[in-house]
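Feature list (source: Swiss-Prot):
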ACT_SITE  Tyr115  active site
ACT_SITE  Tyr158  active site
ACT_SITE  Glu212  active site
ACT_SITE  Arg215  active site
BINDING   43-45, Gly50, Gly85, 176-181, 230-232, Ile324, 336-340, Gln349, Lys354, Asn360, Asn409, Asn449, 548-551, 565-569  carbohydrate binding site
DOMAIN    321-448  domain 'Ricin B-type lectin 1'
REPEAT    331-373  repeat '1-alpha'
REPEAT    374-414  repeat '1-beta'
REPEAT    417-449  repeat '1-gamma'
REPEAT    462-497  repeat '2-alpha'
REPEAT    501-540  repeat '2-beta'
REPEAT    543-570  repeat '2-gamma'
Amino acid sequence: MKPGGNTIVIWMYAVATWLCFGSTSGWSFTLEDNNIFPKQYPIINFTTAGATVQSYTNFIRAVRGRLTTGADVRHEIPVLPNRVGLPINQRFILVELSNHAELSVTLALDVTNAYVVGYRAGNSAYFFHPDNQEDAEAITHLFTDVQNRYTFAFGGNYDRLEQLAGNLRENIELGNGPLEEAISALYYYSTGGTQLPTLARSFIICIQMISEAARFQYIEGEMRTRIRYNRRSAPDPSVITLENSWGRLSTAIQESNQGAFASPIQLQRRNGSKFSVYDVSILIPIIALMVYRCAPPPSSQFSLLIRPVVPNFNADVCMDPEPIVRIVGRNGLCVDVRDGRFHNGNAIQLWPCKSNTDANQLWTLKRDNTIRSNGKCLTTYGYSPGVYVMIYDCNTAATDATRWQIWDNGTIINPRSSLVLAATSGNSGTTLTVQTNIYAVSQGWLPTNNTQPFVTTIVGLYGLCLQANSGQVWIEDCSSEKAEQQWALYADGSIRPQQNRDNCLTSDSNIRETVVKILSCGPASSGQRWMFKNDGTILNLYSGLVLDVRASDPSLKQIILYPLHGDPNQIWLPLF
């Protein structure tokens, strides 16, 4: 029986006598070279008393900063540590939560998955039932100075917690108020003041508002909205499906070939409608952390050719598949072998994307960095700007002319020449060439099997939405009824008002404080190509400047280009 009399099967561990240094979070010890080194796990604090959007944002950023070293970053998304070879003194972080009632509990998070493994309240510590002996041994290093240690008979997965709570996540409210109540419930469980269903419900709240918010910028954004408006509400389908898909998304991204998935992953929008994700591009601003799934293959190409330096303690190398995709570019048109004729030297062109299985728009991304259609290679005619791109036999073409790298920002580059794939016109039938890279819309591409632009709202400073207003753009109160707040994200890197897809979000100059406008997409210029970054900014690739709410003052009704500083007026989030 647990103190207080709640009926629950628990196992009580004998507690060894430890030297106590007065810390409420406990000390962990690791044995190296026959020496014992005490080390306190890092502690991050958060209080619901007077919580603000900024205090919560700072808290989640601090949690992320402690969960990952930043040594392993793939497609701009940090990867959590591999549990194999991870020293025990680096295995956990502690999150100390307090509330208006001045009650305090300390959660323990596993750095390998950002998940809660247990918590401390006063002189008692409680742990979810571990999945294996290794985890069972690891948690013995947590809260070593408590008088009482208990392990629940249940694990911490959502299915079991929902069963115990008697409710599903989609019916459990989240927000600052629910978190306040959850802290009290966890605290009073040690005295018998909390029943098991309430305890399970409280775990669900804490896990979503801390672990899931650390994993996803999207979920962090949802929690910020609740705090901003002092709102209590249950998560919508977009949140639930992200939570359920984190492991599969991590696997798909790490096993992707230059960002393209071997098979799609289905997610849901806020209204419950389903959509499939075929590539990493839309996920870069959505996912903050990935669980480690596999080591990068030796030949894999990373964002802008920067390879992460991480130790490989085992042989679990990523699959490195060879997906078959369409390559979507300027104005949503596809890379196409002209007239479906595969004789050597036939031109590659822009053409409306097909929905059938015609080979001349299907491209295999090969491990050798060739891009092939019907077994033949996408090949540049030479290494000078302006030469055309053709289909050619892979075995007889010049090897360097058939090699391409696909960057996360949508650039397809020939390494030999440092020239990039380009469409100098946005019309159907335009012959593709290679050109000097200026990060223009005419040089933006996306290997995917979803040929339609991704439609989204874009939320920025103070939870306000980016809105097109004739030729101007600024932020206003968000409303699902406002069509002018809907944006189509094109594969070529342009951001277009859903109401008029012939227009583009545009900077007509590359200098700081240039006012961003809505202008014709016709130029397909460098000032019309953008990238959603993992840090929440929207980057103009050519200038290196980001979208910024001028002076953090929405009343000025100006969005400008500005150097990166990372303040809230430069942070944006696509919501679906």
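Yeah, the Cβs are placed from backbone N, Cα and C, and that goes for glycine too.
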Three-state composition of the repeat '1-gamma' (417-449), taking helix and strand from DSSP: 3 helix, 12 strand, 18 coil
Secondary structure composition of the repeat '1-alpha' (331-373) [DSSP: H/G/I, E/B, coil]: 8 helix, 15 strand, 20 coil
Best-contacting stretch, by C-beta pairs under 8 Å, relative to the repeat '2-beta' (501-540) and drawn from 331-373, 374-414, 417-449: 417-449
Remote residues contacting the repeat '2-alpha' (462-497) - C-beta distance under 8 A, at least 6 residues beyond either end: 53, 224-225, 228-229, 282, 328-332, 409-410, 441-442, 444-446, 448, 451, 453-456, 503-505, 516-519, 521, 524, 528-532, 538, 541, 549, 554, 556-559, 568, 572, 574
Shortest C-alpha distance to Tyr158 (active site) - which of the recorded positions Glu181, Glu212, Arg215, Gly566: Glu212
Whole-number Å value for how far Tyr115 (active site) lies from Arg215 (active site) (Cα to Cα): 10
Which same-chain residues, if any, lie at least 6 apart from Asp548 (carbohydrate binding site) yet have Cβ under 8 Å of it: Ile559, Ile560, Leu561, Tyr562, Asn569, Gln570
Of the binding-site residues listed as Ile43, Asn176, Gln349, Gly566, the one whose CA lies nearest the CA of Tyr115 (active site): Ile43
Cβ packing number for Tyr115 (active site), 10 Å threshold: 19
Gly566 (carbohydrate binding site): secondary structure state under DSSP, collapsed to three categories: coil
Tertiary neighbours of Glu212 (active site) (same chain, Cβ under 8 Å, six or more apart): Ile219, Val239, Leu242, Glu243, Trp246
Entry from the binding-site residues list Glu181, Asp336 having the most other CB atoms no farther than 10 A: Asp336
For Gln349 (carbohydrate binding site), nearby residues of its own chain (Cβ under 8 Å, 6 or more apart in sequence): Val335, Asp336, Val337, Arg338, Ser428, Gly429, Thr430, Thr431, Leu432
Neighbour-count leader, CB within 10 A, recorded positions: Ile43, Asn176, Arg215, Gly566: Arg215
